[in-house]
Amino acid sequence: MGPVMLDVASYELDAEEREILKHPLVGGLILFSRNFHDAEQLRELVRQIRAASHERLVVAVDQEGGRVQRFRDGFTRLPAAQSFAAINDAATAAQLAQEAGWLMAAEMMAMDIDISFAPVLDIGHVSAAIGERSFHSDPQQARIMAECFIRGMHSAGMKTTGKHFPGHGAVTADSHKETPHDNRPLAEIRTHDMVIFRELIQRKLLDAIMPAHVIYTEADARPASGSAYWLQEILRQELGFEGIIFSDDLSMEGAAIMGSYAERGQASLDAGCDMILVCNNRQGAVSVLDNLSPIKADQLTRLYHSGQFDRQTLMASSRWQQANKALTALSERWDAHKQTLGQ
């Protein structure tokens, strides 16, 4: 299995995509909204992906909830992470967060999708890229809700990906459009943003981590996603993380400072990433495959899902029906709340 995760253009594979998926450097594929028409079509697309590749790829999606939910029609409307903090009763909030993690994972695994890149562990809501994707502005409250969501995912059989290390929540710039700089003292990042990663790693709850395309100016001139300081010295050595490290999408503007697509990919792998994402630019992805040093990433097989869910059986279950009703209601209340704030 190779270290590159790619995307595909539409509802089904074309001939070029079938050939690309056979490349020895390809180890994963991420799906987007453009790949989804309905549940039956999605399941068939995943089947095509499995059939086209020599090895079982890690199939992924961003199905966080709120504004980042790639598959909507026919799937539960998942609430934004921040909405759980608006529930007055802490026990109810914790239970619902756990059910959200379970339900999201179960619905994805019924499509034979291995992972959703979740949860978001960024602290605070000022970032344009993060906002309501963050559970809370208080690190301990965020950790409590994230841990519940994670336990739900794990109970269903899906591995977790904490993002965006060491924390994207304090920068207003959107790394999809530019390279954000976080100029805060390193001590503040460590005690405010990084503590949630530290605690969840200590509890063995994170299977993978995705670093941020953010430059933390007191630490390194490179974004964390291409920084050996953050990925090896801090994440591996200091925090003792033994799971998978993903780059964020290298087509994002936040990664452009690292050079061409091939240079971005090599820099991220050299810095300590196990798998790199190259999406939304076919030419860039092919350039990475043509120029990357040969490398195996067999540790990625740890991310295969272990849940066995039939979609019809799942949706007929009382647990799914109760969770679906409660989570849909929370989503609607949260949207109404945002409207009163003019958001």
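Using N, Cα and C of the backbone, Cβ positions are placed for all residues, glycine too.
Substrate is bound by Asp62, Arg70, Lys163, His164 in Swiss-Prot, and the record lists one more residue there from Arg133, Arg143, Arg190, which is Arg133. For the pair formed by Arg70 (substrate binding site) and His176 (active site, proton donor/acceptor), distance between Cα atoms is given as 17 Å, rounded to the nearest Å. Shown are the recorded positions Asp174, Asp248; of these, the residue with the fewest other Cβ atoms within 10 Å is Asp174.
Secondary structure from DSSP puts His176 (active site, proton donor/acceptor) in coil. Neighbour counts were taken at the CB atom with a 10 A radius for the recorded positions Arg133, His176; the maximum falls on Arg133. Cα-Cα distance from Arg133 (substrate binding site) to His176 (active site, proton donor/acceptor): 15 Å (rounded to the nearest whole number).
Taking Cα separation as the measure, His176 (active site, proton donor/acceptor) is nearest to Asp248 of the recorded positions Asp62, Lys163, His164, Asp248. Listed in sequence order, Phe117, Ala118, Pro119, Val120, Leu121, Asp122, Ile209, Met210, Pro211, Ala212, Asp248 are the same-chain residues at least 6 apart in sequence whose CB falls under 8 Å from the CB of Lys163 (substrate binding site).
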